[in-house]
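Database features (Swiss-Prot):
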type     : residues : note
COMPBIAS : 66-85    : compositional bias 'Polar residues'
COMPBIAS : 92-105   : compositional bias 'Polar residues'
COMPBIAS : 106-117  : compositional bias 'Pro residues'
COMPBIAS : 135-156  : compositional bias 'Polar residues'
COMPBIAS : 214-228  : compositional bias 'Basic residues'
COMPBIAS : 242-285  : compositional bias 'Polar residues'
COMPBIAS : 892-901  : compositional bias 'Basic residues'
COMPBIAS : 902-914  : compositional bias 'Low complexity'
COMPBIAS : 967-984  : compositional bias 'Polar residues'
CARBOHYD : 81       : N-linked glycosylation site
CARBOHYD : 390      : N-linked glycosylation site
CARBOHYD : 780      : N-linked glycosylation site
CARBOHYD : 925      : N-linked glycosylation site
REGION   : 24-300   : region 'Disordered'
REGION   : 882-984  : region 'Disordered'
REPEAT   : 129-172  : repeat '1'
REPEAT   : 258-301  : repeat '2'
SIGNAL   : 1-26     : signal peptide
């Protein structure tokens, strides 16, 4: 139907409004107000605030039953005027667009009324009508009637629900929606749809660019009128009973706050209550649409089985650790990396052991009942092998006699008798015969007449493990526990570790004499070694922790004897020697254990552990009872502990710790290459790294000692260096007669420090400025104290500790006096310091510089000393006699061109001596060390001058004393005399 209207001003305005969907105003142009979801948020324009006739209206649609009309009423106006717009659209072939910005509301069809054209509006009404928002569409579910999903369209606060079929995807297809709506009309559902996707009961929402078909819409309206459904009758009756009211503001629950263009949201849910399958949940405009979907067949379990299990066990709640998956694991879970690394390490150890001690390895295998090619499979078997190795060493080794005597007599019968009764049928008879040959005293416990103990032998775990391996077990709670490790089955008849006697021996010796980690390996030492009287062996495998435990008790006892109220450690050079020797001794011992691959190189430094034990002596004190006898005196123990704690915090102990640290730092000084630091592996290496000088020449070492003394002003640094040097010399003496591989290793790990100090003192210059450092660094004064300290500390690694029962005497902390080192008992006063002069005479111990081809001397940093340098780089005109030690404080001697023909005289030398700040030497002594052979002057002889450039370190560096003494020499080099060469 075409709209008949004259193209006048008002008619043209209406036509443009219907076609374009926008409000066209003539004069004056007024901007159209913007629509907002909330009308209270819409700002008013300037014109609307000034003009009282501006209205703000919204559409309200009431659906009436048949024979009724749908009315449209506006909201209350903002001004004084009221306007009510009513439009009845029935069968109009032109439908206005309901887009944002239009001034007309969407048409609503009227049931039971013949179609008639919509009334035209006046120009004023069209200008005052604000644009309305497009109807919103959402999806909802009618759970009450059990119908399918539906489409919900909303306009002006009224909702129209249209059933839609379940879609295959997330969003429904329009074709399926249209076909479903048409089928509902044919079945008498009372609801019809148009091709544009809208319904006849709700506002028309035509598709863009497609005009609606009014003829089909009328036919569907008539069919719905003729065949109403019960649902439509019920809704119609409800609408008749409700009077028409104005549209209320939309609430958040109705989805009015959602913007028109918001996309529907989709999620997945499971209806566990009704037992249905999983579903797809679509949400649009605040409503949810649930579409059933089939259960998945992927990696996830079937939800129906899980739901049925939960429904069947509702009465009994499931525990938290219930798992739904289990599998049979006959062999368990094996961590092959651990077993592989264990086998590789043990195989290397066994190779070395088999090469050095093949008979001992064979005895161990017989002891354990293993075949010749068997290797331990787990850590327990490795420990069994080590215990068996220690047992054979304790029974038939060189330490068998010592171990037998170290075990308390009341425990010997239990250990040796039980061992014989347990293994006399498993070990060959030759084993027990060898044990009796090494230690005849043990034969009394190897008596065949004694009946074997009726102790039932514990069966091996082979049967139990095999049964457990065949039974499949579910892997439950695999996320919270580590992987199960399947230990290989032990060999048949393997002796358990509890039956091996070595742990019992170790425990018995530790109770009586302190901790014992390994079986001793007694190595003979030379007669010049500073050991106790009658002792000639050292246990080279003694653990560092055992040595630290014993030395701690020794130092506490010595400080306790010398502790006074006002005494100072620096006043007793014997105690200073003891403390400085302790740090070097324990570090050197740790280096030796690491060289034998008995300890890990990454362990903490030994001197640091010793300091920590001494500072916290109260925490490391003995137990309140005697482990050997079981007797206890708690009151005495509490008193002793308080005294030891007080001694550990005393000033004397703090001073001792200072010197322990100084010598320990020297022993562990790493080598700094500039880019990396390499730790020292021996006491010899630590001393060389501290001096930063190779020990290829004693002259260089002597110079480095003096340089080190100048660099460090405090005496403890120099005391630590000298203490490490002297202790290293005593170690070298002990292992100089190398009879074993361990002795050879220890010999090369040390240096004869006493010889180095003597060579340094050959210049008749003391080392350092302090009286204490001069006394400690002089072997002629302090050698006796360092020898006593070494003798005291060596008792911890010799048989003297067990024979003299030192552990019981030191741990009891009684008032009984113990004289362990006679040379350390009396207080040794420190002699006064000697003046540490630095001569500036060029004719005494001078530095020798390298002479370039051009005759220039090199920089003072490139110093060459006399010992060991080739004659081609030595100054040939200068003959230096006596010990020469290069020193930065010495004068420089180099040949230059002559400046005068005046011969050298004693006055020049005396003038040079007077320029020095030290006591000058006589003139005749000034030239005593400088031998120059005068010769007759020749015609074309070169003239040389001997310059003495003296700069005293105690004076200003800019002040120089320069004396020239020309000498007559030939152009040929003066040959050195035989007598002078012999003196060099």
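Using the three backbone atoms N, Cα and C, a Cβ is placed for every residue, glycine included.
A gap of 45 Å separates the Cα atoms of residue 780 (N-linked glycosylation site) and residue 390 (N-linked glycosylation site). Confidence over the repeat '1' (129-172), given as mean pLDDT on the 0 to 100 scale, stands at 51. The glycosylation sites 390, 780 differ in how many other CB atoms lie within 10 Å of their CB, and the one with the most is 390.
In the three-state DSSP reading, residue 390 (N-linked glycosylation site) counts as helix. Annotation note: residue 780 (N-linked glycosylation site) sits in a helical segment as assigned by DSSP.
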